[in-house]
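According to TrEMBL, the active site, proton donor annotation covers Glu253. What TrEMBL records for Lys385 is active site, proton acceptor. If you look up TrEMBL, you'll see Gln211, Lys385, Arg414, Ser415, Lys436 marked as (2R)-2-phosphoglycerate binding site. Residues annotated as Mg(2+) binding site in TrEMBL: Asp291, Glu333, Asp360. Feature annotation from TrEMBL assigns compositional bias 'Basic residues' to 17-39. Annotated domain 'Enolase N-terminal' per TrEMBL: 51-181, in sequence order. What TrEMBL lists as domain 'Enolase C-terminal TIM barrel' is 187-460. Taken from TrEMBL, the feature region 'Disordered' covers 1-45.
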Amino acid sequence: MIDLGDPTPVPVLARQAPRHRPAPRLRPAGRPRTSRARSSRKEGSVVPLHITAVQAMEILDSRSRPTLSVSVGLADGNTARAGVPSGASTGSGEALELRDHDASRYGGAGVRTAVGHVNGEIAAALCGRDFAGLSALDQALIDLDGTPDKSRLGANAIVGVSMAAARAAAGQAGVPLWQGLATDGATARLPVPHFNVLNGGAHAPNPLDFQEFMIAPLGAPGIAEAVRAGSEVYAALRRRLAEAGHTTGLGDEGGFAPDLAEPEEALRVIVQAITDAGYEPGTGGVAIALDPAASEFRQPDGTYRVNGQVLTTSDMITRYRQIVDEFPVWSIEDGLGEDDDTGWAELTGALGERVQLVGDDNFVTNPAIITRAVQDGIANAALIKLNQIGTVTETLHALEVCRKAGYGAMVSHRSGETDDTFIADLAVASGCGRIKSGAPARGERVAKYNRLMEIGHRHPDLPYGLGR
Ligand code: PGA
Ligand code: ZN
């Protein structure tokens with residue numbers, strides 16, 4: 001059981017935060033600062049960690065860009081590895097992904113600097129030390145970095161260490177990762193997978209401005225049946241697209257990337273595919289979820305450009321209302337730009353009772369931002385991405401904020417992924433009831449769904465579904 005400690009307010013990442021700050025003074029080597037560590041200790045519930053090794057290397061992600069593989073070793077002999085994900089349509093408030101900017105390697109996208117930070121400063125600071133639990137270790141990483149956006153050591157370096165340490169800690173406790181990630185008040189459940197079957201926006205070279213068209217088997221009786229539905233609809237969609245003369249090439253998240261330009265055209269063919277595969281379109285069977293990723297097509301003058309049309313915020317809201325009226329869309333993520341605050345409030349007022357409205361680029365998995373959004377009545381759910389905030393503990397805090405507020409939460413992959421399946425266990429542990437991990441195709445996407453099926457197979461007692 002991970003004790004999240006006191007609900008310490010997490011600093012809001014300043015939008016305009018300087019990317020590089022002077023290095024903070026390092027505390028002398030030795031025991032960690034104990035106040036936080038002590039507050040995290042809870043008899044019998046926190047696994048003490050003695051770190052013996054921390055190592056990283058540069059590997060490739062699913063888009064052929066460098067990322068980190070990090071391993072953490074514990075004194076009891078447990079060692080675990082983590083692969084770090086990487087986004088393309090990122091929110092401006094995300095913790096900083098450190099890249100080398102050395103144009104002679106990988107077009108500047110190398111991560112040797114971040115690898116060097118893990119193998120050097122982070123390893124030196126952690127090895128040989130005891131931590132009361134994962135939250136104490138994550139706090140030590142945050143303190144060592146010393147910046148609000150983890151830009152000194154790199155959020156990619158820090159999140160890799162945090163994920164590997166969480167996995168090693170579960171190994172030490174002799175439990176599967178999802179049980180190791182358990183927190184007070186959360187009840188484990190298998191989430192509804194949201195399969196991204198049609199890609200556009202920053203994830204595909206087609207003219208489609210909306211980024212993600214997902215299918216969500218809300219009506220499935222269990223995770224195995226949900227995965228089967230996702231795969232069967234995906235196959236039916238391939239047939240429909242091929243028959244209509246479209247290319248069936250894939251986008252970054254494994255969904256098809258046909259030459260469709262209007263979002264409604266894409267929705268129409270997806271509904272046909274759901275029916276072709278023998279499922280009922282809608283919340284009783286297979287529903288649709290959208291992630292337009294609207295920040296990507298918001299213009300400097302505040303308008304939105306969809307298939308060449310210039311739309312105001314209220315035009316966009318009208319468009320979404322028509323979409324929800326016509327199609328079985330149950331969830332819309334990033335329907336408006338990350339800085340369109342008044343628009344988000346209007347959108348929530350207009351559609352918040354009818355559909356799930358998910359904040360991603362505007363919330364960046366930051367517990368303080370989500371807390372404020374809950375208070376301000378912005379959206380009704382948050383997307384949860386480990387590398388947006390940069391440690392497992394802060395990610396668990398974000399999930400806890402959502403749970404306590406009765407707000408939805410959807411655990412998410414990134415468009416650049418590895419074979420790491422951490423998010424499957426995270427979704428199960430939190431009981432949030434929703435996950436998105438791309439298409440039911442391509443190894444790095446399928447790995448997460450297969451892990452969910454494995455958990456479901458081993459624990460048939462775990463419930464499946466949204467949970468409310
Ligand atoms: P990204 O896209 O990983 O490229 O940021 C995912 C999303 O927008 O949800
Ligand atoms: Zn998104």
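From the backbone N, Cα and C atoms, a Cβ is placed for every residue, glycine too.
Any TrEMBL annotation is an automated prediction that lacks curation.
What TrEMBL annotates, mapped onto the structure for a quick look.
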residue: Gln211; record: (2R)-2-phosphoglycerate binding site; DSSP class: coil
residue: Glu253; record: active site, proton donor; DSSP class: coil
residue: Asp291; record: Mg(2+) binding site; DSSP class: strand
residue: Glu333; record: Mg(2+) binding site; DSSP class: strand
residue: Asp360; record: Mg(2+) binding site; DSSP class: coil
residue: Lys385; record: active site, proton acceptor; DSSP class: coil
residue: Arg414; record: (2R)-2-phosphoglycerate binding site; DSSP class: coil
residue: Lys436; record: (2R)-2-phosphoglycerate binding site; DSSP class: strand
Enumerate same-chain residues with a sequence separation of six or more from Gln211 ((2R)-2-phosphoglycerate binding site) and a Cβ-Cβ distance below 8 A; give 'none' if the list is empty.
Ser89, Asn199, Gly200, Gly201, Ala202, His203, Asp291, Pro292, Ala293, Glu296
Restricting to the chain of Glu333 (Mg(2+) binding site) and a gap of 6 or more, list residues whose Cβ falls under 8 Å of its Cβ, or answer none.
Glu212, Ala289, Leu290, Asp291, Pro292, Ala293, Leu357, Val358, Gly359, Asp360, Leu383, Met410
Near the (2R)-2-phosphoglycerate site, what residues other than Gln211, Lys385, Arg414, Ser415, Lys436 in the same chain have a C-beta no further than 8 Å from the centroid of the listed C-beta atoms?
Gly87, Ser89, Glu212, Glu253, Asp291, Asp360, Ser412, His413, Gly438
Hey, how far is Arg414 ((2R)-2-phosphoglycerate binding site) from Lys385 (active site, proton acceptor), Cα to Cα, in Å?
8
Taking the recorded positions Glu253, Asp291, Asp360, Arg414, Lys436, which residues show a Cβ-atom distance to ligand 2 below 6 Å?
Asp291, Asp360
Per 10 Å Cβ neighbour count, which of the recorded positions Glu253, Asp291, Asp360 ranks highest?
Glu253
How many of the residues that make up the domain 'Enolase N-terminal' (51-181) does DSSP mark as helix, as strand and as coil?
53 helix, 27 strand, 51 coil
For ligand 1, list the recorded positions among Glu253, Arg414, Ser415, Lys436 whose CB atom is within a distance below 6 Å of it, in sequence order.
Arg414, Ser415
Mean pLDDT for the domain 'Enolase N-terminal' (51-181), as a whole number?
98
Where the record says Gln211, Lys385, Arg414, Ser415, Lys436 bind (2R)-2-phosphoglycerate, what is the longest distance in Å from one Cα to another among those residues?
17
Mind giving me a neighbour count for Lys385 (active site, proton acceptor)? Other Cβ atoms within 10 Å of its Cβ, every protein chain shown.
26
Count of other CB atoms lying within 10 Å of the CB belonging to Ser415 ((2R)-2-phosphoglycerate binding site):
24
How many whole Å apart are the CA atoms of Lys436 ((2R)-2-phosphoglycerate binding site) and Lys385 (active site, proton acceptor)?
10
Cβ-Cβ neighbours of Arg414 ((2R)-2-phosphoglycerate binding site) (radius 10 Å):
27
